[in-house]
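Feature annotation from Swiss-Prot assigns heme binding site to 48; the stated evidence is sequence analysis. Look at Swiss-Prot and you will find 94-139, 172-215 tagged as compositional bias 'Low complexity'. Annotation source Swiss-Prot lists compositional bias 'Gly residues' at 216-233. Taken from Swiss-Prot, the feature disulfide bond applies to 27-70, 31-65, 44-51, 53-86. Per Swiss-Prot, domain 'CFEM' is recorded for 23-112. The GPI-anchor amidated serine annotation in Swiss-Prot covers 240. Per Swiss-Prot, the feature region 'Disordered' maps to 86-160, 172-248. Swiss-Prot lists 1-22 with the feature signal peptide.
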């Protein structure tokens, strides 16, 4: 009995489906038949049209297929006929009907929830770098007031000039300290020596005497000579004068006098 009921239901569903497909153009019929065969892809068990027809992707796929492959056809009519085909197959969402010979029955259709996944790409944060002149010795300045922007009116006689003033921020002076040390040393040595006669009045062979000698010949062929020495005192020489020139002068004078005596 049950087998005959199942066969009857299957035959009735096939006849209804054929009727529904006949009401659609050939292009949209192909889309509907294609979507009715995607139960496994959509996660529905075989011979469970209720799961397939209640799946959102069944309707979306039927709509997209008709739009892309069958331009000009009424997409909403194709979707409506697709849902009608599901109902004729016994896949109306939430209900099923038994064979009319055994009465009515109730059943539930189960659907698998779908989950969508997406990805969001967030741009990595960027970093920038810059440089500004740093205050010396660790000092820093801080803003202490801001002059807001506004007009500036300048009156000169009958002339009135209005200009705009930008906002200005005033900063404190750079605070900090500067310290440093400088050290150095300079050493040197030198000697200076001068030589010269000391300003004394002592008689010496340098300051007062100069030997002189003369030689002469006698008429008899003999030879003789005399050597005299003289000494004299004079004023002490100054640092810019030496005593040797004076002594030499005195010696020359003595020699000339001796020659004069011999000539007599």
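One is the number of the first residue shown, and numbering goes on along the chain from there.
Every residue gets a Cβ built from N, Cα and C, even glycine.
Location within the structure of each feature annotated in Swiss-Prot.
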residue: 27; record: disulfide bond; DSSP (3 states): helix
residue: 44; record: disulfide bond; DSSP (3 states): coil
residue: 51; record: disulfide bond; DSSP (3 states): helix
residue: 65; record: disulfide bond; DSSP (3 states): helix
residue: 70; record: disulfide bond; DSSP (3 states): coil
residue: 86; record: disulfide bond; DSSP (3 states): helix
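Closest to residue 27 (disulfide bond) by Cα-Cα distance, out of the disulfide-bonded residues 44, 51, 53, 65, 86, is 65. Using CA atoms as reference points, the recorded positions 48, 51, 53 were checked against residue 31 (disulfide bond), and the closest is 53. Taking CA atoms as the reference points, residue 86 (disulfide bond) and residue 51 (disulfide bond) are 10 Å apart.
Note: the CA-CA distance between residue 51 (disulfide bond) and residue 70 (disulfide bond) rounds to 26 Å.
For residue 70 (disulfide bond), the nearest neighbour among the recorded positions 44, 48, 53, judged by Cα separation, is 53.
The least crowded of the disulfide-bonded residues 31, 65, judged by other CB atoms within 10 A of its own CB, is 65. Cα spacing between residue 53 (disulfide bond) and residue 65 (disulfide bond): 16 Å, rounded to the nearest whole number. Over all protein chains present, the Cβ of residue 53 (disulfide bond) has 26 other Cβ atoms lying within 10 Å. Here the domain 'CFEM' (23-112) returns a mean pLDDT of 78 for the predicted model.
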